[in-house]
Amino acid sequence: MTIMRKKHPLLKMINHSFIDLPTPSNISSWWNFGSLLGVCLIIQILTGLFLAMHYTSDTTTAFSSVAHICRDVNYGSLIRYLHANGASMFFICLFIHVGRGIYYGSYTLLETWNIGIILLLTTMATAFVGYVLPWGQMSFWGATVITNLLSAIPYVGSTLVEWIWGGFSVDKATLTRFFAFHFILPFIITALVLVHLLFLHETGSNNPSGLNSNSDKIPFHPYYTIKDLLGILLLLMVLMFLVLFFPDVLGDPDNYTPANPLNTPAHIKPEWYFLFAYAILRSIPNKLGGVLALILSILILAAFPLLNFSKQHGLVYRPITQVLYWIFIANLLVLTWIGGQPVEYPFTMIGQIXSICYFTIIIIFMPIASTIENNILKLH
């Protein structure tokens, strides 16, 4: 069998990626989240496939078909809530994965980092179109508000919005195409994941010390397969706890009301994992400015390699930048909270302050801190 896995064209690829892969001996549990994301993706594709067998992408029957899945299909409600809460687990793992990349300086692996940003954007697009499918109140109005933002694009905006809608409002054509997008995008994500891994295995993984670990590597199997397995079991435990005890805790009650274009909900908001970006969007009174800030809130990740002036790799031995990093994380949590609050004082003001902090910490304070640290250590 040893000869087989090293010689066979297909098994050889699997062997080089998951069995004999040379891995730094000191990577911590923060490196588990890549494999957890893979598991989340598999769960989402499988549960989504079974949901698609019973779902109908028609405005008159979409809401009823979701109710039918929950009531009449064997384990339908389990599959539906696994899919909905699986998306939340996916984004929790995704944010931790990106946060670990920032903390330990993984953005120096340029190709891997940039493909990761594309993956994040694609996943966000997938989650957004998926949220529209149950055709509840928040689905309809979320789709209307967010797609309408494209009308802020000068000259072509209005035409672009009508082109995406397939008419003059969010209607049957919109729902059908969103279902098509939601079905195809996870497979595009899977392809991008393979490219992400391809680039990662070209350079090898980063490690907590930030030093070159070529002299101290161990095979991925069995050391990290067993470690990943523990992470997967913990993930599944948390997911099943959510699904079986609190299936609706991360959802919106408004989505249990069928979509009604004549009745606007008191407070339109997206799913919790978009609230930080939504808060940044709302903090700018100008429509085009808000849209640009929304896009930049994600694309700013691409600036990390450019704004990295430190002579050290990662933040492990950089106390000033460490403090800034944790302020940034706290700020992100504040933005998430503000995104779910009504548009009124003091929430609007807090949102504006937090949005300014979000960008200034990354663009101004972190580069200044790294320069100060270089001077303190006389590494310049």
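Residue positions begin at 1 at the first shown residue.
Cβ coordinates are placed from backbone N, Cα and C, and glycine is handled just like the others.
Noted in Swiss-Prot for the protein shown:
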type     : residues      : note
TRANSMEM : 33-53         : transmembrane segment
TRANSMEM : 77-98         : transmembrane segment
BINDING  : HIS83, HIS182 : heme b b562 binding site
BINDING  : HIS97, HIS196 : heme b b566 binding site
TRANSMEM : 113-133       : transmembrane segment
TRANSMEM : 178-198       : transmembrane segment
BINDING  : HIS201        : ubiquinone binding site
TRANSMEM : 226-246       : transmembrane segment
TRANSMEM : 288-308       : transmembrane segment
TRANSMEM : 320-340       : transmembrane segment
TRANSMEM : 347-367       : transmembrane segment
- [ ] Take the Cβ of HIS83 (heme b b562 binding site) and count every other Cβ within 10 Å, whichever protein chain it belongs to.
- [x] 21
- [ ] Provide, as an integer number of angstrom, the distance between the C-alpha atoms of HIS97 (heme b b566 binding site) and HIS201 (ubiquinone binding site).
- [x] 17
Open item on the list: Tell me whether the transmembrane segment (347-367) sits in contact with the transmembrane segment (288-308), defined here as at least 3 Cβ pairs under 8 Å among residues 6 or more apart in sequence.
Closed with: yes
Open item on the list: Is the transmembrane segment (226-246) in contact with the transmembrane segment (33-53), using at least 3 Cβ pairs under 8 Å (sequence separation of 6 or more) as the test?
Closed with: yes
Open item on the list: Measuring Cα to Cα, how many Å separate HIS182 (heme b b562 binding site) from the residue listed as 'ubiquinone binding site'?
Closed with: 29
Task: Residues from the same chain, set at least six apart from the ends of the transmembrane segment (113-133), whose C-beta lies under 8 A from its own - done: 55, 57, 62, 66, 87, 90-91, 94, 98, 101, 106-107, 139-140, 142-143, 146, 170, 174-175, 178-179, 181-182, 185-186, 188-189, 192-193, 195-196, 199, 270-271, 273-274, 298-299, 301-302, 304-305
Task: HIS196 (heme b b566 binding site) CB neighbourhood, other CB atoms within 10 A - done: 21
TODO: In whole Å, note down how far the CA of HIS196 (heme b b566 binding site) lies from the CA of HIS83 (heme b b562 binding site).
DONE: 24
Task: Which of 178-198, 226-246, 320-340 contacts the transmembrane segment (77-98) most, counting Cβ pairs under 8 Å - done: 226-246
Open item on the list: Using other CB atoms within 10 angstroms as the count, which residue among the binding-site residues HIS97, HIS182, HIS201 scores least?
Closed with: HIS201
- [ ] Could you check what DSSP calls HIS182 (heme b b562 binding site) once collapsed to helix, strand or coil?
- [x] helix
